[in-house]
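Written below as C-alpha cells is the structure these notes are about.
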Amino acid sequence: MSLFVPEDPEEPHVTVKQEEEVMEVDELIEEEDIEEEELIEDEDDPIIREIPIHLNPIDDESMKLMLLQYTTRRKQGDNEHKKSSIPDSFRYKPKSQVIELELPFEKDKFFNEDKSKNWNGLKGQLLRGVVNRKDSSGYFMGRIGKDGEVHLSPITGGTTQLRPSFRYIDEVRLKKIQREAEEAKQLARKMPGTLAGSELANEEARKKNATMHVVQMTAKSSNQAIPRLGGALLSKKGEDEEVAETYDVLARGNYDEEAIEGVLDDDGGEVLESKMRQGEYVDVLVGDASEEAVKVSEDGNEGGE
Amino acid sequence: MGRIDVEMKDADEAFDDLLEPVYKGKSLTDPIDTAKDKWNLLPAFLKVKGLVKQHLDSYNFFVDVDLRKIVKANQLVLSDVDPSFYLKYLDIRVGYKSNGDPKRPEVLLPPHECRLRDLTYSAPIYVDVEYTRGKKIIIHRDLEIGRMPIMLRSNKCILNGRTEKEMAYLNECPLDPGGYFIVNGTEKVILVQEQLSKNRIIVESDGKKGIVQASVTSSTHERKSKTYVISKNGKIFLKHNSISEEVPIVIVLKAAGIVSDLEILQLVCGDDSVYQDIFSVNFEEASKLGIFTQREALEYIGRKVKTVRRMNSPKLTILQEGTEAIATTIVAHLTVEDLDFREKALYIATMTRRVVMTMHNPKLIDDRDYAGNKRLELAGQLLSLLFEDLFKKFNNDFKANLDKILKKPSRASEFDALLHINIHSNNVTAGLNRAISTGNWSLKRFKMERAGVTHVLSRLSYIAALGMMTRISSQFEKSRKVSGPRALQPSQFGMLCPADTPEGEACGLVKNLALMTHITTDNEEAPIRKLCYLLGAEDISLADSATIHTNGTFGVYLNGTMIGTTRYPIEFVRKFRHLRRRGKVSAFVSIHTNVHQSAVHIAADGGRICRPLIIVENGKSRVKAGHLRKLKNDEWRFDDFLSHGLVEYLDVNEENDSLIALYEEDIVPATTHIEIEPFTILGAVAGLIPYPHHNQSPRNTYQCAMGKQAIGAIGYNQFRRIDTLLYLLCYPEQPMVKTKTIELVKYDQLPAGHNATVAVMSYSGYDIEDALILNKASIDRGFGRCQVLRKNTSVLKRYPNHTKDIVSGMRVDKEGKPIFQHAALGQDGLAEVGSPIQSGQMYINKCVPSNAMESVVGGPQQNNRNQPQEQQQDHEQQFREAPMVYRGPEKSYVDQVMMTVGDNDQALIKVLLRQTRRPELGDKFSSRHGQKGVCGMIVKQEDMPFSDQGISPDIIMNPHGFPSRMTVGKMMELVSGKAGVLRGTLEYGTCFGGSDLDDMSKVLVEKGFNYGGKDMLYSGTTGEALQAYIFFGPIYYQKLKHMVLDKMHARARGPRAVLTRQPTEGRSRDGGLRLGEMERDCVIAYGASQLLLERLMLSSDAFDVDICQGCGLMGYNGWCPMCKSSENIVKMTIPYAAKLLFQELISMNIAPRLKLSDVF
C-alpha cells in the first residue's frame, strides 16, 4: 500500500468507486505536452530514450478516477504518519459534487482527549471539497507497466481540492445557541413577570400572528410566483438536502488488484494514429476564436521574399 | 488671385493621378524601395478600415452579435398567472427577414430622403418567437418589435458597398464617412466615450492618509458595482457599497471558502516573508472576532449586508445573505452559480496581494490616466445598454399585459399572445429615437442618467464632420482643475492625436483618434481560455494554492481574471503570439507580460485602442518589397498582411512589451516591430498641417480647432442638402503643399481654402494685431467668396377639429403688382426659387385657422350644419395669417423650396435661403498654422506691391506674426509652395517628411528666384522698389466661419426686459451694448459724471418716482399713501432697478427711506 507521488506529494491519487489504491503513479503528463512538442521543434535536445505510451480510455461505467488534492498537507514529513493520511470515511454527494472525508488523528502523539470531547468526540480531521469537472484539466493517471511502458488513464471523475471543514465548531456553537435560547425560554416561563417573560409573551403573540399571516399568505400566493432562490443559494440548498453516498476506503490487498489493473491497462490493442494535421487540430481546439480571425492557409506565409 | 495659382487643368490632372494605382510618378514597373513605400500600407489600411471604422465595427458588432446575446439573456417571458404559458425569443435580426440575406438588408428609405423629410433612418427589428397558444406550441417568424436607427455605412445600411455611381443616385456623397445616425432628420453622432476599464483591478494609494486600495468596477449585463480592498492602519479590509461596514479581509476569504490561514497566506503572500509580515496582522483581526469557520464568516458578512429585497424574492437567513453577498454582490462580474467559490476567492486574494505588494513598494500603484487602463465606449456598446433596457421594459410591459388578460377567468376566444406583443413595439422605437436625438441615456437597471451622449454632426466643413467622428470625450468632469487626466500621456503615442484637443476647459479631456487607431470589439472568452490551457497554462481551479505565487510562477490573466499559471511565461507569450499571427486567435486579442505582478495578461475585451505595426523578426522587417508589390498590384489587401503575419495589431499594453523602431535604420536585434508610418501619430485634422514638426506645438493645436471652422466644400451632395446652416466656399482649391494625410482623408477632393499669394510685409497701419490686407482684385476674382445657406421650416398642422393650416396666395396692390411683403412669393404662397428676398418680406404665407383650438364636439359644428351659408361666409375670416417673414441685414435669395409630408402626415415646408458673401473688413482668415487674422483693409490691386513679373499678393501679412509664434512650418509651406508653383507640381509637407527644404530652394534658384523665397517688390503707390526683399509666395488660407455680417450689431432704441426695464441683452434680441463695471471705472476716473448718469440711467431705465419727503417712501400720482397727503411729494428720476430694489426691500419688511436734500 503506497500512497506516494514522488513529483508532487500533495496530490496523491485515490481512485474512487468501491476500491483500491493507486499503484506506482509516475507523473502527470499533460496532453498538451505532446501538442507542444509538435508545435515547436526543440533543437539541441537529443532523444535519450523512447518509452511506449498506452492510452487507456476508461469506460465511464466500470470505473471513475478522481484526483484528490490535499491543500493543507505539507510537502514533507507526511510519509511518517501514513496512518493519518488514509481517510476513515468517504462521503460523496454526486448531484452537488461535494466530497467529504475524514482523516483520523494520530492518537498516540499530541492528542488531547478533552478537546476532542468538547467537540463531540472528534476523531479526525474533516476535509471537504467541491469536485471540479472541467474538461480543461487534462490530467491523466500514469502507471509504469511491467515492461517499462507507460499507461495513461484519463481522470474522468474530476478533481477536488480538499480543505478543512470546521463543521464541528459550527455544530457546537449552534447547539450552544440553541441551549441558551431554550434556557432563556425556561427562565422566562419560571418568572413570567420579568422583562424576559413579557418579551417571550410578545414573541408568542407574534408567532400566533405570524401563523395567521401564513394562512393568509398561502391563500394569496396561489396567484403569485413562488419566490425562487438563485445561483449559489440554490446549489447550497441542493447540497443540504442531498443525502451523501458513503464509500469504503479499501487498503491494498482488500480488493482484486488484478481486475483493477486489467481495467486500467486495457488499451484496446489499437495503435493510435492522428487523423488530423496539427493545424487542423489547433483549429478544432481553438474553435470559435479563429472564426473571427482571418483564415490562413495551412502552409502559412508563402510571402514574396 | 495671383497668377501663380494652379490652373484648374493641373489640378484635375493631379486629381486623376490619385485614382490610378500608379502614384507620385511611379509606375508599377518602378523599383520598390521598402523603406519608403511601406507607407502604402496606410492607404490600404484606410481602404479597409475607413476613417470611422471604429464606429461601424462597433455598430455592426452590436447588431450582429450583441443583440443576439441580449435576446438570449432575456429570452423567456413567463406568466405569473398561467404557469403553462411561455414565450421564447429564438432569434433577432435587424433589417432582414428570416428568409432574407443578411448581407442584403431590406431596402429602406434612402438616408438623404430621411434628412430632407425629417424622418429617422431605421430598419425593422425582427424576432422569431416560440410561444404557447392553448396547448399548442407555435413558432412565429419575423415579428417586428420596433425599429432600429441605422448607422450610415454600417452593414445594415443601404449605402454599404455601393459604388460611387450608385451613391450619386442615392444623393449621397461617396466621401462621406458615415458612422452617424439620422434621427428626425438631423444627423447625430454618438461620440466615443472614454472610461476606466471595467473588471480590472486598479491599485491606488493616498500617501497622506497611508491608504492603499485596490478597486475593481464590476460590470455585467445585470449590474454594476465597485469592490474595494483597502488598507487602513496596516490592516486590510474589503469595502463594498452594499455592505454597511468594512469587513476584515481574512473574514472575506474565509467566507469564500479559504478557511485555513495557511492557504490564505499562500494565496496572498506566497512564500515572500516580507509580504507575510505585512499581512500577518490581519489574522488577528479575524481571530479577535472569533471567526474561524466558513459559516461563521458568512454569517458575519450576512449581518452587515444592506438588504434590498426586490419583489417576489424570498426572505433570506443571515447565512444565506452572506452566501449571496459573496456569490453575487462582491466582485459581481464573477458570479458563482455552484458551490465552488475558488475562482472568486482567488480574485479577492489577488486584489489583497496587490494591496500588500503596494504597501511594501509604493511604486506598484496603477496609473488611472494610462491609456492601457482606459476603455473606449462606442455607439454599439451604448446602444446595446440602451436596447437591453428597452427590451426588458418591452418584455415587462408585455408580461404585465399578459397577466392582466390571463387573470380574467373567462375569455371569449383562445388567447393569442402575438396580438398583444405589438402594442409595445413603439416603446422600443421611440426609446431609441429619443435617446439618440436628445442624448440622454437613462438606464433603469444601473440607475444611470447620462446626458450629452450624442451630438449633432457638425457640417461646417468636411473636416469638421470628420473631426467629430474621431472625437473622444472623457467622462471626467470639465470644471475640475486637475492636470493628470488632461496631460498628454506617453502611452497615447500613436493612438491618440497629440495636437488635436480643444483649448480651454475641455483641454486634454476631449481627444481625437490618430489615423491608424482601431478600437476593439468584444471577443469570446471561452476559446481563448481553452487555448491558454492548451499552451500549457495550468487551470487555476486545479492549481495548488502553495504554488500559485511561488517565485517564477506567472499567473495567466484573461480580461483581468486569473485563469491559470505558467512556469514559462516567455514561451507561453511567444506561442500565443505565434498563434495570433497565424490567424488562429483574433488579431485583436492582446497579450503582454507584467514582471512586477508576475503576470501574463491577455485582453480580449472591447474598447481597447490598438494600431497596426509591421512585425520585425531577427532584425528584419517582415514586410518585403514583394509584399508591397502585391499590394500595389491590388493582389493583396491590408488583411492579407495581417493574415500572413507581416503586420499585427498591438494595444497599449502590448506596445509596452515591444521595442518599436521608427525607421528601418533604427532596427536593432531586440526590435520587435517597426512603425508603418510615423506621421500616423497625428489624427485626421492635425494631418492637414504642412510641416507640423517645424511648428511650435500649440500652433498645431490651434490649427486643429480652426480647421474645423474653415468654410469649404462639405460633400458632393452639398447642393442637395437642406441644413439649418450651411457655409460653402465658392471656389475651393486643394492646397499647393499637401500632406499624405490630406490625400488619405480626401481633403484634396473636398478642400476648404485658397492658395493665396502672401507677401510678408507691413502695409499701412491696418495690419496690426495680425490683421491682413486683402487685394480687392483677388476678392473680385472670387477669393474667399462663400455662400451661406439657411433653412427655414414650417409645418402645416392639422388640428383635432379637422381644420388645418393652409398656405394662401399672394396679395396684390391696385396695379396688380404684389405688395412689398409678398414680392418673393409665387402663386402658391411659397417663395419662388431664385427670387431675392428682402428683410420684412415673407417666404411662406402660412395661415392658421382661427378656430383651431375649438373642440371637435360642440357648438360650431352644429351651427355649421344649420347655417351652411354663414359657414361659407366665415370661411374667409376663419384663417389668421401666420407668415414666415425673412429678417436680416442683407437680402437673401431663395435657393430651394421643398414641400413634403413628414412623419405624422403633416405637410412640411422647407425653404432654403442663400446669401453670397465676398470678404469684407473684419472677416476672419487663417493659414494652416494656427495663425488667424481678420481682414484689416481691402486695397485696390494697383496700390498693392508687385514683383518683377507683375505679380501682386492676394494677402499681405504683417511679419510680426512670426517671431513669437515660431511657425516655421508656415515659412516652409511658402517656400515649398512657391517651388511647386514654379515647377508645376504639388509639394508635400507631410509630418516627419515631406518635400525637402533644400530641394525646394534648389528649384527656386533654378527658376531664377532667391533660395529663401524672398523677392524684390515695388511699392504699388509710389512705384519705387521696396527697401527690403519680401518673403513672397503661396500659402493656403482658410476662410473661417466668423463673419462680420453675422456679428454686426448696433442699437439706438429697442426692446427692454419686462422686469427691470433695462435694454435686453444680446444680438439676437436686438440688445443694448453694455457699459460694464470696468468702463464705468474709467468714466469715474475721468470724472465724466454726467456721462455716467446718462449711460447708466437715462439711456437705460430712467423712471420718474414720487417721493414723499415726510416718510421717505415712494408714492404715486403726487400722493403718498403712507402719509395720506400730497404735501411733501417731490418728483425725481431714479433707475427703475433701484425702484425695484426698494419695493423688494419693502416686501421683506425693510423700509428704505429717501432723505432728499439740495446738492448746491
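Glycine is no exception: its Cβ is also placed from the backbone N, Cα and C atoms.
Just so you know, TrEMBL annotations are computer predictions that nobody has curated.
Some features that TrEMBL has for this protein:
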COMPBIAS  B:860-871  compositional bias 'Low complexity'
DOMAIN    B:50-429  domain 'RNA polymerase beta subunit protrusion'
DOMAIN    B:198-377  domain 'RNA polymerase Rpb2'
DOMAIN    B:456-519  domain 'RNA polymerase Rpb2'
DOMAIN    B:556-617  domain 'RNA polymerase Rpb2'
DOMAIN    B:638-670  domain 'RNA polymerase Rpb2'
DOMAIN    B:685-1069  domain 'DNA-directed RNA polymerase subunit 2 hybrid-binding'
DOMAIN    B:1071-1156  domain 'RNA polymerase Rpb2'
REGION    B:854-878  region 'Disordered'
(message) Can you work out the mean pLDDT of the predicted model over the domain 'RNA polymerase Rpb2' (B:456-519)?
(response) 87
(message) For the domain 'RNA polymerase Rpb2' (B:456-519), I need the partner stretch with the highest count of C-beta pairs below 8 angstroms, choosing only from B:50-429, B:556-617, B:638-670, B:685-1069.
(response) B:685-1069
(message) With Cβ-Cβ distances below 8 Å as the criterion, list the same-chain residues six or more beyond the ends of the domain 'RNA polymerase Rpb2' (B:638-670) that contact it, or say none.
(response) 34-35, 41, 44-45, 47-49, 370-372, 491, 493-495, 518, 520, 573, 577, 580-583, 587-588, 590-593, 601, 603, 608-616, 618-623, 627, 630-631, 676, 678
(request) Summarise the domain 'RNA polymerase Rpb2' (B:638-670) by DSSP state, stating how many residues are helix, strand and coil. (result) 13 helix, 7 strand, 13 coil
(request) Please spell out the DSSP helix, strand and coil residue counts for the domain 'RNA polymerase Rpb2' (B:456-519). (result) 17 helix, 11 strand, 36 coil
